[in-house]
Each structure stands twice: as structure tokens, then as C-alpha cells.
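Asker: Sharing the record's features from TrEMBL:
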| type | residues | note |
| --- | --- | --- |
| BINDING | 2 | Ni(2+) binding site |
| BINDING | 73, 76, 90, 93 | Zn(2+) binding site |
Ligand SMILES: [Zn+2]
């Protein structure tokens, strides 16, 4: 299950970001996951619960923002969703297009620190 190594990397990066901000604990972390990133959100949520154990994210929530895979057709200047499984063919001018504009994202977009202790 490669989601576990991804979840571990997310936890480690979020910890670093939180520490750089002077926070000890993280309440939530948001990640953008592209349709073509090869990550199953359910599996990622499950893996995250395993990976966060004993870290600054032990009580953190994982928020997954899914990004639709879209390609660009230079021929007719049309951006289109490639779907899943992906089909790189412009629906407007009926030509192949491999110019993927989004869908491979796998990045942390937000780390929310837990409220400071009194
Ligand atoms: Zn086109």
C-alpha cells in the first residue's frame, strides 16, 4: 500500500511546517490530490491514521481536496476534463491532446496548528 509512504511523508512535512511556525501540534492538514496522482483518498485517510500515531499530528484531521484532471488543446484553445481513466482527446475538435494542465497534484496546501496551550 503506497498510500502509507505518502501519508508518512505528509505527516513529516506537516510537522516541519508546524514547527517552523512555532506550533507543537497540528489540528488539520489539507492536501491537494490530483485525479491522476495514483492515490486512493479512502486509502490515504486510512494510512494517515496509522502514520500520524505518536507525532505532532496525532489528533489532526486530514482534508483531501481532489483536483480534476484537465488537458489543454492548443488547436482550438479548449480545456477539457480527461476523465478517469484518462482519455487525451479533445472533445471539441476531435484531436489528440497530451497537454495535461492539472491532475497530478500531490501537495500540502494548508497546515492548521492546534490552539496554543495556556
Ligand atoms: Zn481541440
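Placed from the backbone N, Cα and C atoms, the Cβ positions cover glycine too.
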Asker: List the binding-site residues 2, 90, 93 whose Cβ sits under 6 Å from any atom of ligand 1, in sequence order.
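Answerer: Near the molecule: 90, 93.
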Asker: Just to verify: the residue among 73, 93 with the fewest other Cβ atoms within 10 Å, which of the binding-site residues is it?
Answerer: 93
Asker: Tell me the Cβ neighbour count for residue 90 (Zn(2+) binding site), meaning other Cβ atoms within 10 Å of its Cβ, over all protein chains shown.
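Answerer: The answer is 20.
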Asker: At the Cα level, what's the spacing in Å between residue 90 (Zn(2+) binding site) and the residue listed as 'Ni(2+) binding site', rounded?
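Answerer: Between the alpha carbons of residue 90 (Zn(2+) binding site) and the residue listed as 'Ni(2+) binding site' there are 32 Å.
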Asker: Using all protein chains in view, find how many other C-beta atoms are within 10 Å of the C-beta of residue 76 (Zn(2+) binding site).
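Answerer: There are 12 of them.
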Asker: With the Zn(2+) site defined by 73, 76, 90, 93, which remaining residues of that chain have Cβ atoms positioned within 8 Å of the Cβ centroid?
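Answerer: Near the Zn(2+) site, beyond 73, 76, 90, 93, sit 74, 75, 77, 78, 80, 91, 92, 94, 95, 97.
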Asker: Write down the Cα-Cα distance for residue 2 (Ni(2+) binding site) and residue 93 (Zn(2+) binding site), rounded and given in Å.
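Answerer: Residue 93 (Zn(2+) binding site) and residue 2 (Ni(2+) binding site) have their Cα atoms 38 Å apart.
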Asker: Taking the Cα atoms as reference points, how far is residue 76 (Zn(2+) binding site) from residue 2 (Ni(2+) binding site) in Å?
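Answerer: Given the Cα positions, residue 76 (Zn(2+) binding site) is 38 Å from residue 2 (Ni(2+) binding site).
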Asker: Give me the non-local Cβ neighbours of the residue listed as 'Ni(2+) binding site': same chain, 6+ apart in sequence, Cβ-Cβ under 8 Å, ordered along the sequence.
Answerer: 38
Asker: Could you say whether, by DSSP, residue 73 (Zn(2+) binding site) belongs to a helix, a strand or a coil region?
Answerer: strand
